[in-house]
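Below is one structure; the comments refer to it alone.
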Amino acid sequence: MKQRTLKQPITVVGIGLHSGQDVTLTLQPSEVNTGIRFLRTDIEDAPLIAADAFLVTDTVMSSNLMVNGIKIGTVEHLLSALAGFGIDNLLIKVSDAEIPIMDGSAANYVTLLLEAGIEEQAAPKQFMKILKPVKVVEGDKWAQLEPYDGFSLDFEIDFNHPGIPKDTQRYRFEFSLHNYIENVGNARTFGFMRDIEHLQKNNLALGGSLDNAIVLDDNGIMNKEGLRHQEEFVRHKILDAIGDLYLAKYSLIGGFSAYKSGHALNNKLIREVYNDPNNFEIVTIYDTSSVARAYEI
C-alpha cells in the first residue's frame, strides 16, 4: 500500500469554535515522508507544526498543538478525516489559531477530501502495529491499545441525562473508509447549555451554536432536527479518538478500547505506547491485505 496525499489544493472558510471568527483553511498536497503539518498564515515566519502527540500542550475541550509559542487548536476532527482516508502527507494552512469547527463533525472535511481527490505516492505507507497491550488509567477512566488484525474502536461513555439513553452509550466500530464515512464521520460534537453559557462568558466557545454541535438542556436535545444516529454522542467520541490517535503519526493496526476517555487520556495513551519500543513496530503492508482493503476509496 502506498502513501497518500491530495491531487490538488482545496480551500474552505469556516467559523472558529472559540474565536467565533472566520478562519480560512487550505489543504495542500505534500511530498512523501513529510507527514501532516500545520502552518499559521496569519503569523510571519511561523514554524511548521507537525501533527505529533508530543507537541500537544493543551487538551481542554480539544487537542491543541504548539511550537515556539505558536498554537494550532481543535485539530482532531480534521485529523480524524485524514486518518479515515489514510492521508499521510499534507500541508494544512490556517489563518487563525484553530481549525474551523464546520458542522461539529468531520463530514465537511470528508467532502473536501473527496473533492480534492486522493493521490497515491511513490513510497510505501507505514503503519504502527501494536504488539502488546498498553493501558492508561485516570480514576475510573481508561484507554487501551492492544494487538488486533485491523483497526477497531470500542468506546463507552457514562452520562446520566434523559437525552442520552443508557443503551446508546457504547459503540464498537470496525474501521474501513466506507464505515467511517457512513457511521462515524458525521457524528457531531455535543455540549450542555449550562456549560456553553459559562464558556461564552469567559470568551470561549464564541462560535458554538446549534449549527455546529448537539446542545442539551436539562431535559433533552435542543436541536430541532434531532440526532443523526441513535448513538451519535459515543460515535463522536470515536471520531475524536481516531483523530487523537493519528497524532501517533501513523495509521494504526490495533484495537482501541476506552471508558470515559477524552483528548487528554487519548494523548497519554499514545505517549505511553512510544514509552517502550517493544510496544509496537512500524510495518508496511501489501495492497491485498485486509488492512489495506479497508482504505479502498
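Placed from the backbone N, Cα and C atoms, the Cβ positions cover glycine too.
Keep in mind it's a predicted model, so treat the numbers as computed, not measured.
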Among H77, H161, indicate the single residue that Swiss-Prot lists for the Zn(2+) site containing H236, D240.
H77
Counting only residues 6+ apart in the same chain, whose Cβ is under 8 Å from the Cβ of D240 (Zn(2+) binding site)?
E76, H77, S80, T189, G262, H263, N266
Among the recorded positions listed here, H77, H236, H263, whose Cβ has the fewest other Cβ atoms inside 10 Å?
H263
Need the DSSP three-state call for H263 (active site, proton donor) to compare against my parser.
helix
